[in-house]
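Reviewing the structure listed below.
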Amino acid sequence: MNELQVVLSVLAALVALVLVWHIVRDEQVTNVGFFGLVALQVGLVVQLVWGVVRVADNHDGVSVAAYLAYLIGALLILPVAFLWSASEKSRSGTAVLLVGVLVLPVLFLRLHDLWSAHV
Amino acid sequence: MSEKAGRAATSRGFGRVIVFVYGILAFAASGRATFELTTKFSDAPFPYSLSILAAVIYVVATWALATGRRRIALATVSFELLGVLAVGLSSLLATDKFPEASVWSDFGAGYGWVPLVLPMVGLWWLYRTRRVG
């Protein structure tokens, strides 16, 4: 994975730990968790721009449609998780956010795999 | 009245998490099916048809669980369990029919076994939230 994706994966792991902490203690997500999610989302927007610039250049062998689909999919997941969890003020609402955060590194790996077909 | 109570039951509490995971899988399966259908369907029509079927089932199951339509949810979730078991087993036994993997091939191993575990959790949840009488 590239540096941006490594940084975002580490950040995702940290935010996941904060969310697990809240789930275990059965308390609402605080500002730390919320701004962690915002930071992740900003990073994902940067990734989208960076990814689009990359596929606009030489991309022989890379499936552009799949690559863009993963970039955009990664951008949608946290906002959807946030909206879906908003009306669930319980551990389960926080767990929805946790699932969303944990899916991100999987998407980074898939993006990495897709790009590794580059010749 | 009962429909209203049902609406609350399957998408509240832990059901919130189940519906979200279903939504992700529905999105992933739809994306995959669209990609396969538009780029390389003729390479392997059988597994790619299965991908389309799986995608439709996941979308319907997500919608049914999110809106508390218990009967449709039960039907689609059960179908998923049968699908992942049948396709998983036949992809092991008849590898020549599955030159390309589908969502359910190898019991959903390509998706972290989620396609195998999720219908079991879904059935348990539908049973947990049932109304007696």
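The backbone N, Cα and C atoms fix where each Cβ goes, and this holds for glycine too.
As annotated by TrEMBL, transmembrane segment applies to B:14-34 (among others). Panel annotation: around the transmembrane segment (B:14-34), residues 48, 51-52, 54-55, 58-59, 61-62, 65-66, 103, 111, 114-115, 118, 121-122, 125, 129 of the same chain, lying at least six beyond its termini, place a Cβ under 8 Å from a Cβ of the stretch.
Taken from TrEMBL, the feature transmembrane segment covers B:46-65 (among others). For the transmembrane segment (B:46-65), the list of distant contacts is 10-11, 15, 18-19, 22-23, 25-26, 29-30, 32-33, 36-37, 40, 72-73, 76-77, 79-80, 83, 87, 97-105, 115, 122, 125: same-chain residues at least six beyond its ends, Cβ to Cβ under 8 Å.
A Cβ distance under 8 Å defines the sequence-distant neighbours of the transmembrane segment (B:72-95), meaning residues of its chain 6+ beyond its ends; these are 10, 50, 53-54, 57-58, 60-61, 64-65, 101-102, 104-108, 115-116, 118-120, 122-123, 126. Taken from TrEMBL, the feature transmembrane segment covers B:72-95 (among others).
Marked as transmembrane segment by TrEMBL: B:107-127 (among others).
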Contact set, same chain, for the transmembrane segment (B:107-127): CB under 8 Å, 6 or more residues outside the stretch: 10, 14-15, 18, 21-22, 25, 28, 54, 61, 65, 70, 73-74, 77-78, 80-81, 84-85, 88, 101
